[in-house]
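Remarks on the structure that follows.
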Amino acid sequence: RTQTERERGTTTFYPCDYTIVCRHVVLDSLGRVAHFNFDSNFVSLVLKGMGDMNVAIESVVAVPEEAWNLDYIKPKPVCVRKDGKCVQATFHTPAEAKKIEFEEGNDEQFAKELPAHIYSNTTGLIILRGDDNVADVTGKVPSPGVYQFVIHYYQPNYPEFEMDIILQNGQFYEAKLPLTHCPATSGCRALVQQTDGNTEFQLTENFVLTLKAPAGKTVWLDHVLVLPRDTNMERVTQEEPLDQTAEFISQCGKDSFYIDEHTSGFCRDAVFSLTSAYNNGALPCQCDFDGSLSFECEQFGGQCPCKPNVIGRRCEACQTGYFGFPDCKSCNCPSTAICTYTGECVCPPRVTGELCDQCEEYTYGYDPIIGCEACNCNPLGVEGNLQCDTLTGSCPCKPNVVGRTCDRCHSGHWQFPYCQTCDCDLRGTTQEICDQDSAECFCKVNVYGQACDLCKDGTFNIQEKNEEGCTRCFCFGKTTLCIGSSLYKDKIVEAEGWKLSVATLGKVITLEDTNVNVEMISSENLGADLTNEVFRNRTVYFSAPSAYLGKRLTSYGGALNYSIFYTPGPFGRAMEGPDVIIHGADIYLLYYSLEQPAATETYAATLDIVESNFLLPSGLQTTREQIMQVLERVQGIYIRATYWEDSVTTRLMRFSLDSASDQYNPESGFALAVEKCSCPPAYQGLSCEECADGYY
């Protein structure tokens, strides 16, 4: 109302759930944006609410008609908040994009005053305003072609306006950049357009981009992206969604992502947002007219309130054990059966009996809910009976036939269902032994031959327990020709000279002899008192005498046999460490037994001296070369004496180390695991470990 005029308008106050005040424009009687003519500077406003209103008004602003823009009332996002704080938004930048910072070459326009609420105060921007409203940026494209330009900017103070742009690249383009109102703390992006709306520009190499802001406007510029024509511009210009995938999986992934309807907080909100976005909005309840108590469902999950004994989200079916929807009366059936919509009892699949408690013939695995499974015994592989075990489902197989349904030959046999034995040497075959269709033998790595019975060149001594079949010739690298030795198996047994050593274990291993005596109870029984202070909380080992040390190449493939017995104190705990340590050539070989001795019980151990049984202190598997270097000059053999921190006594019994000698022994057999190399003239020894006479 002015001094001479009175005009009317209306506005509607919609719910405003934002953390900032909302804006509404006054409308005329036809619902259009109202225009008011003021004939003086004195204006009086009378605001009158309809009915019982409760609204807070911060201000009323008159906007000149020529300056009106919907941006004045349209809310724009500032940021996404997490735990009450703004999170920095991210934009997709393709790998093939060329990024040019505006502050490069525009030092005088470097912005010392940044936009209000910008996320990072260290962001480098230039500012265009007033008389200083022009900026140039130069660049170079990798190859001639059609490109598009995207500008990253901050424009929090004005409604949308356009910035004039000139692009020079041999050709001359007049273009524009629409800058929408952008209060976002991470800025916005816009696509440069020619005056006809085309966004593509033909570039050859170097280019100059000149930008000019309108008078009276202020804009901050961050960088420009030069992108090939086939780039997805919608993805480049829009903020990427806040990625909460990891948080959702960690917090809501328990119990197979089941979210209870009474759950509150992050998981409920996240599921609500995900399902709403996937379904493009909320879904109708569609509660069943007959089965539900109301047409309103739970807002989270959509569960309708069901009548008694009725189930389903929409309450559209009887629960198990009831029939006659929607009345859903109890079935007159055994607890193991269900009934149809008529009430007729139906047993689970392949179940029979008045009480539905037995499997049908040729089935097994009775379950009151899912029924029984078919045996499916192979008639060619069974021993005359197609009925399987009612508990396990195993069919009665013919000899050399295996599988639950008797459908294949046992390893080492072929031609189902006859399953004849393959003509293969089991020492040289893999676990599968042979092909069940062709009877072809599957040889180990170092084995060949139709029956897998021959060692490849450079290997010897075919053995079933050798994973590679044959052992590689070592021969200290002097030759690759060797065979199993003709020496006879022998044993080293020596009770005198044993000592006790304490070990420091880790990547570097040290063993120190102690002055504590080892008592020789008998020729095969040694004992020691572990109550000495030097052993407190230390790992103690029996240290073998010199009879076991030195050159022990003849022990390869043999065994170290021993028994251990110990008594612990009332306190302490179990100790960790290798059970056997062999030291030589500055190498420590560690053996860890899968079974640990029990207290006050004699534990017998047998350790085969092969590389597959030992580890290095680093944890790596020992190689054949390393174990042969150790055996060529053994400096120590240590057998673990303590398995408990507070041990009292320990005993080592029945100890021996396999070896080999040329002394005939008709009961022992040949030491075939020991290599006999064909040495060059300058070398001698089983493994060419010595210089021949006349050489040094």
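Placement of Cβ uses the backbone N, Cα and C atoms for every residue, glycine included.
Note: TrEMBL annotation is automatic and uncurated.
Look at CYS297 (disulfide bond): DSSP puts it in coil. Per TrEMBL, the feature disulfide bond maps to CYS285-CYS297 (among others).
With a cut-off of 8 Å between CB atoms and residues at least 6 apart in sequence, the same chain places SER294, PHE295, GLU296, CYS297, CYS304, PRO305, ARG314, CYS315 near CYS287 (disulfide bond), listed in sequence order. Taken residue by residue with DSSP, CYS287 (disulfide bond) is part of neither helix nor strand, so it is coil. The feature disulfide bond is assigned by TrEMBL to CYS287-CYS304 (among others).
Marked as disulfide bond by TrEMBL: CYS306-CYS315 (among others). Within 10 Å of the C-beta of CYS315 (disulfide bond) we count 23 further C-beta atoms, all protein chains included.
As annotated by TrEMBL, disulfide bond applies to CYS397-CYS406 (among others). Cβ contacts within 10 Å of CYS406 (disulfide bond), excluding its own Cβ and spanning all protein chains shown: 24. Mapped onto three states, the DSSP output places CYS406 (disulfide bond) in coil.
According to TrEMBL, the domain 'Laminin EGF-like' annotation covers 285-330 (among others).
Here TrEMBL flags 375-426 (among others) as domain 'Laminin EGF-like'.
Taken from TrEMBL, the feature domain 'Laminin IV type A' covers 493-676.
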Notebook entry, point to check: How would DSSP class CYS304 (disulfide bond) in three states?
Noted result: coil
Next item on the list: Would you identify the secondary structure of CYS315 (disulfide bond) according to DSSP, in three states?
Entry: coil
Note to self: Tell me the Cα distance separating CYS397 (disulfide bond) from CYS306 (disulfide bond), rounded to the nearest angstrom.
What the structure shows: 53
Note to self: Between CYS397 (disulfide bond) and CYS285 (disulfide bond), how many Å separate their Cα atoms?
What the structure shows: 57
Check: Just counting, how many other CB atoms are there within 10 A of the CB of CYS306 (disulfide bond)?
Finding: 23
